[in-house]
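What TrEMBL says about this protein:
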- A:44-65: transmembrane segment (TRANSMEM)
- A:71-95: transmembrane segment (TRANSMEM)
- A:116-141: transmembrane segment (TRANSMEM)
- A:161-183: transmembrane segment (TRANSMEM)
- A:190-207: transmembrane segment (TRANSMEM)
- A:237-257: transmembrane segment (TRANSMEM)
Amino acid sequence: MTTTTAPAAGAVAPRHHTPVRRPSLLRLTGVEVRKLVDTRAGRWLMITIGLATAAIVTLQLIYAGDADQTFLNFFVPSLLPVSVLLPVLGILSITSEWSQRTALTTYALVPRRERVVAAKLIAVSLTALASVLTSLAVAAVGTLVASATGGAGTWQFDWSLILNAAVLQVTSVLMGAAFGLLLLNPPLAIVGYLLLPTLWGVLGEMVKPLRGPSEWLDTSKTMEPLFSSDAVTGGQWGRIAVSLLVWMVLPLAAGLFRTLRREVS
Amino acid sequence: MITVENLTKRYGPHPAVDDVSFQCEPGTVTGFLGPNGAGKSTTMRMICGLTTPTAGRATVSGHPYQELPNPGREVGVLLDASAQHAGRTGREALTLSAYTMGLDRREVAAKLDLVGLNAVAAKRRVRAYSLGMRQRLGLAHALLGDPRVLILDEPANGLDPEGIFWMRGLLRDFADRGGTVLLSSHLLREVEAVADRLVVIGGGRIVAQGDKNELLAGGGTVVRARDSAALRRALEVANLSAADSSEGLLVQADAEAVGQAAADAGVALAELRPASGGGLEQLFLTLTAGESTKEAVR
């Protein structure tokens, strides 16, 4: 027996402590944010999201015409690669608990599973909002560089674009999380998330009777106005809402139901 | 204190756990024994609210697990040492839980130290841990919130003999200070050294439970003398039934009664000891023999 493994006297004595309170949602959200970045995979996903933004702006600086080098033209395209990567973050945040089997620990410490799920959804939404700030910052740097190197470097843009960007990125990450909750398996959820809406989009193009519904249900179509510099109309918001109901709210509800009932082992 | 009342879990028509009831009192270590697949882990998961029982209920410190406000502070759970994120360091895994429970960061270092994971090991990713190191990390995790109850599923699995010895001391110490321990194993010997009470499960049902000494004493006493005819007469006089066995005479009485009978008759003994393993080991081996024998031993 070595000294390192000798039980220190008193150290394992069960203490009688004052009544303990349950962890707040804020605390749980903090834990979930930390889980997003405390593994190599998570950290690299975050870094990749940041790099994608920077890469788009750099490409614009090199290849776009001088007149097109505006803040608006840096900001809007930088949203696209991020909106593709964020759902992966949402999926992994939910499914890694099951694939890495940490659910056993997580749900033993917080048996009210809906609180963990809520904390995860808040954590990934905060990440999505942070990505919008990153896009804004990188676009600002791009604009400064552009004005120094002969580009237009104009700052003119509509503030509603920031709201649109926030809606786009938060719903992207939540759609991913919803697929993760529903399928509870990383490869399945990622493939499902990438494949199903695309398949639906292709079908909408090919099959004539589906063209009408696809105007309302194909997220790649309904979300398009969020990228444009024109204000999003009420009708367009309606379509966004309907498509999100199908691709985000329904999987979230069904996934939550499944997660709450699933046996953890 | 853990109370299990009529817990039942069915997967389809097959009952994995069938009407299991037992209690673990403060100050005791309860050994939960059974062959692989007997329903030990399922029972423990149901106690911890991770599996919904088909019927029955379980409480920890008087409350259903789901109703404990901050379970980690009341009950330390180690159900599977391998269920840790391979990409996190040992320290990080504990830090996340410490933060969830609202504990001071210093607890993490204290518990890592307690289970013998040094600073180098704590900084390595769990992927690089041996099973023994994972068990130690899992134990540190279970002890993190200074709970009053410990629920450990096969904690000695993967530990070296020194580690098993160390863990027994730790659990004994924990119980002696008023803690409640429920400890599962498929190895009788492993549990025998530390448990006060035993609950034996086979095929999802409890086949024996009670005080360890009583259960183990069920096997009787082995006694041997150079003059075995005289010994046999002495036992007859004392009204003790004896049977031949490979090791000597097997008597259904404790060693004290047998020794007294021999002394009264003036027979010199060559050996006097409890029958090895006792009835429990026999029971246990019968359990592992297969499905058909399960009914027979009940």
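These residue numbers are counts, starting from 1, taken along the chain as shown.
Including glycine, each Cβ sits where the backbone N, Cα and C put it.
All TrEMBL annotations are machine predictions without curation.
Within its own chain, the transmembrane segment (A:116-141) has Cβ neighbours under 8 Å at 25, 28-29, 31-33, 35-36, 46, 49-50, 53-54, 57, 71, 74-75, 78-79, 82, 86, 89-90, 93-94, 106-107, 110, 162, 165-166, 169-170, 172-174, 176-177, 181, 256, 259, counting only residues six or more beyond its boundaries. Two recorded stretches are said to be in contact when at least 3 C-beta pairs lie under 8 angstroms, sequence spacing 6 or more; the transmembrane segment (A:161-183) and the transmembrane segment (A:44-65) fall short of this definition. Counting residues 6+ beyond its ends, the transmembrane segment (A:237-257) has Cβ neighbours under 8 Å at 94, 114, 117, 167, 171, 174-175, 177-184, 197, 215-219, 221-223, 225-226 in the same chain.
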